Amino acid sequence: MSPCENDTPINWKRNLIVAWLGCFLTGAAFSLVMPFLPLYVEQLGVTGHSALNMWSGIVFSITFLFSAIASPFWGGLADRKGRKLMLLRSALGMGIVMVLMGLAQNIWQFLILRALLGLLGGFVPNANALIATQVPRNKSGWALGTLSTGGVSGALLGPMAGGLLADSYGLRPVFFITASVLILCFFVTLFCIREKFQPVSKKEMLHMREVVTSLKNPKLVLSLFVTTLIIQVATGSIAPILTLYVRELAGNVSNVAFISGMIASVPGVAALLSAPRLGKLGDRIGPEKILITALIFSVLLLIPMSYVQTPLQLGILRFLLGAADGALLPAVQTLLVYNSSNQIAGRIFSYNQSFRDIGNVTGPLMGAAISANYGFRAVFLVTAGVVLFNAVYSWNSLRRRRIPQISN
């Protein structure tokens, strides 16, 4: 038994704080290496502009692809063995892989390790499942919104810290530093997360068909998975062209990279501020209302982004967009909590993670293809159309299905 465990009832608020710290550490660890990923690919022997772009895209995307494949398996194991065990597995596994990445000698080794990183991931969806099964239902929106800010905070801090560390110590040492962050996450989880879980034998586990039939609204849950996918497609579609769009708007300035970094970061800052507050509001008025309103608000912000004339205008709109984005995934997760039981929470959240990962892969591809054929500004208009479809689709799905009453 760990020092933080005893026979007293589980304090879900303490677990939320520790899970938030774990999501922060894993978010930071994942994003620490992002600023110099193409540079590391080049250091491993890839030369030429086209080859470097291709390999950088592949090693970036393959992690999400393999995460999408592995998530349902880990979700099922979490429902059998417990969510804390999956948190420990994820943190330790990713830490070991990060060490090996720092030792990679060629691009193929690095590619395999990036795929392995995706296979062994899953800290955040399991943290979501753990908190969702412990928190009172009438506080789910606030709790999951608060938890989401952990990963966002880490993702905001990671690139800045990673760039600074790479400049100071070189590229390979950053992987070892990242591994130490993940090992720290492992020990924090080991000693301070409490879970009372009764293991379930494989024979007693619900099969896929039984999972579907046990859901209160199977079609609604599937529509929420699709909503998650589209949210990530919309978010990712802008990523490949943002720096180039900022350069086009800024003209001849020497600090384009700094301006781009600021504009890339402001949505995360806004999401940090909005997610807990809108989650709490969702607990009062219903997460479905928050979801639809945030989607419509996003459409109204994406359209003018196509017509901005200065980086400042783009930055202001992206800040407001971040405030809306901060409500989207927590609202979806809260609706998933309302429409599933604790017995299958691990699998439901892992399926949702798979759809999210697919969106992470397809979004940048969509944005790059649109910008190559129709220009940067068209990306924002097409993305607005995708989000508008998502709003109509979600509204129709939620309208046709009565949201279960929130109970304590």
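Indices start at 1 and increase along the chain as displayed.
Including glycine, each Cβ sits where the backbone N, Cα and C put it.
The transmembrane segment annotation in Swiss-Prot covers 16-36 (among others), and the record cites sequence analysis as its basis.
Long-range contacts of the transmembrane segment (58-78) within the same chain, counting only residues at least 6 positions beyond its ends with a Cβ under 8 Å from a Cβ of the stretch, are 37, 41, 85-86, 89-90, 107, 110-111, 114-122, 125-126, 129, 205, 346-351, 353-355, 357-358, 360-361, 364-365. Swiss-Prot lists 58-78 (among others) with the feature transmembrane segment, giving sequence analysis as the kind of evidence.
If you look up Swiss-Prot, you'll see 92-112 (among others) marked as transmembrane segment, on the strength of sequence analysis. Panel annotation: around the transmembrane segment (92-112), residues 26, 29, 33, 40-41, 44-46, 55, 58-59, 62, 120-121, 123, 172-176, 178-180, 182-183, 185-186 of the same chain, lying at least six beyond its termini, place a Cβ under 8 Å from a Cβ of the stretch.
With a threshold of 8 Å between CB atoms, the same-chain residues lying at least 6 positions outside the transmembrane segment (115-135) that come near it are 10, 12, 15-16, 19, 22-23, 26-27, 62-71, 74-75, 78, 83-84, 86-87, 89-91, 93-94, 97-98, 101, 143-144, 147, 151, 185, 193, 195, 333, 336-337, 342, 345-346, 348-350, 352-353, 357. Positions annotated as transmembrane segment by Swiss-Prot: 115-135 (among others).
Long-range neighbours of the transmembrane segment (146-166) within the same chain, counting only residues 6 or more positions beyond its ends whose Cβ lies under 8 Å from a Cβ of the stretch, are 16, 19-36, 39, 124, 127-128, 131, 173-174, 177, 261, 265, 268-269, 271-272, 275-276, 279, 326, 329-330, 333. Annotation source Swiss-Prot lists transmembrane segment at 146-166 (among others).
What Swiss-Prot lists as transmembrane segment is 173-193 (among others).
Here the transmembrane segment (224-244) has Cβ contacts under 8 Å with residues 256-257, 260, 263-264, 291, 298, 302, 325, 328-329, 332, 335-336, 339, 351-352, 355-360, 362-364, 366-368, 370-371, 376, 379-380, 382-383, 386-387, 389-390, 393-394, 397 of the same chain, all six or more residues outside its ends. Under the heading transmembrane segment, Swiss-Prot lists 224-244 (among others), citing sequence analysis as support.
What Swiss-Prot records for 256-276 (among others) is transmembrane segment, and it gives sequence analysis as the kind of evidence.
Look at Swiss-Prot and you will find 290-310 (among others) tagged as transmembrane segment.
Residues annotated as transmembrane segment in Swiss-Prot, with sequence analysis given as evidence: 319-339 (among others). Remote same-chain partners of the transmembrane segment (319-339), defined as residues 6 or more beyond its termini with a Cβ less than 8 Å from a stretch Cβ, comprise 128, 132, 137, 140-141, 144-145, 147-149, 152, 215-217, 220-221, 224, 227-228, 231, 235, 266-275, 278-279, 282-283, 287-288, 290-291, 294-295, 297-298, 301-302, 305, 345, 348-349, 352, 356, 398, 403-404, 406.
Residues annotated as transmembrane segment in Swiss-Prot, with sequence analysis given as evidence: 378-398 (among others).
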For the transmembrane segment (256-276), the distant same-chain contacts (Cβ-Cβ under 8 Å, at least six residues beyond its ends) come to 142, 145-146, 148-149, 152-153, 155-156, 159, 242-243, 246-247, 250, 311, 314-315, 318-327, 330
